[in-house]
Amino acid sequence: MRHKVTVVGSGNVGATAAHWIASKELADVVLIDIIEGVPQGKGLDLLEAMPIEKCDSHVLGTNDYADTANSDIVVITAGIPRKPGMSRDDLLNTNYKIMKDVVGKVLQYSPNCILIVVSNPLDAMAQTAFKLSGFSRNRVIGMAGVLDSARFRTFIAEELKVSVENVTAFVLGGHGDTMVPLARYSTVAGIPITELIEPTRLEQLIQRTRDGGAEIVKYLKTGSAFYAPSAAATEMVEAILKDKKKILPCAAYLEGEYGINGLYVGVPCKLGSKGIEQIVEIKLTADEQAALQKSADSVKELVGVIGV
């Protein structure tokens, strides 16, 4: 039985996620958007690349949710970026309306799917999708920590001039200021990075990780990151479709774990065919716990604005 993945939103993140998923032959892909022509054009272009990639994945671009029926996973990248002069609340309310529309359509055509939310502001949009869908919490997952951890791993590997395959790193909490990079749980070939990088330099790498998205926006000027975010979403898709039981940092709905209740926060999760199969609780120092709580508080503030 072939798997089916729908990607909602055919912008840079959505189209690139469709590319990664199809080229890894993880599933047949449906790329959907409200804009006519764009998903069809990108979908056809991708489909025509498959013979060169030696892949039998089928790719379809569409504006009709009927084409997405019975998807195993739906990756939601739809939403607008924050524009100059736009308040955070305006952005939130606009993306809330988009999420409400998308989730309603997904429920109609793929009521048994797993949702991976990539739209920003991430934790608040994941919470919106969770509340509106009525799905169990294991079936609505936010993509954040996989991307942030990949950035941290990149900077560690570059600093030490080692293979990125040797580097494991964990980043909990939200994007940006509320991110909680756990240096003492981060290793190079099993050696803690605290043994290999002196504290001042390590703090600089952590800060660069926090600023990772902003650094790319600064260079691009008219856009934001899309290769790494879409690769991160694809890693989550692969872990679920292949039932890998892979532990990845994801935004999950907490019900008492880490002392947090009723909010989406980035924590280590075991991903398998049922979605989140376990939330892994690790011991945190008082400072780390406080930072994670700060992350939860900022999510609480955002979801308060949209009333979810």
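A Cβ is built for glycine as well, from the same backbone N, Cα and C atoms used for every other residue.
What TrEMBL says about this protein:
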{"type": "DOMAIN", "residues": "4-142", "note": "domain 'Lactate/malate dehydrogenase N-terminal'"}
{"type": "BINDING", "residues": "Gly9, Ser10, Gly11, Asn12, Val13, Gly14, Asp33, Asn95, Val118, Ser119, Asn120", "note": "NAD(+) binding site"}
{"type": "BINDING", "residues": "Arg82, Arg88, Asn120, Arg151", "note": "substrate binding site"}
{"type": "DOMAIN", "residues": "147-301", "note": "domain 'Lactate/malate dehydrogenase C-terminal'"}
{"type": "ACT_SITE", "residues": "His175", "note": "active site, proton acceptor"}
Closest of Arg82, Arg88, Arg151, His175 to Gly11 (NAD(+) binding site), Cα positions, recorded positions only: Arg82
Fewest other Cβ within 10 angstroms of its own Cβ, chosen from the binding-site residues Asp33, Arg82, Arg88, Asn120: Arg88
Cα-to-Cα gap, Asp33 (NAD(+) binding site) vs Arg82 (substrate binding site), nearest whole Å: 19
Nearest recorded site to Arg151 (substrate binding site) by CA-CA distance, among recorded positions Gly9, Val13, Val118, Asn120, His175: His175
Assigned element (helix, strand, coil) containing Val13 (NAD(+) binding site), judged by DSSP: helix
Candidates Gly9, Val13, Val118, His175, namely the recorded positions, that fall within 10 Å of Arg82 (substrate binding site) by Cα distance: none
Fewest Cβ neighbours within 10 Å, where candidates are the binding-site residues Gly9, Gly11: Gly11
Most distant Cα pair in Å, residues Gly9, Ser10, Gly11, Asn12, Val13, Gly14, Asp33, Asn95, Val118, Ser119, Asn120 binding NAD(+): 17
Substrate binding residues Arg82, Arg88, Asn120, Arg151: largest Cα-Cα distance, in Å and rounded to whole number: 25
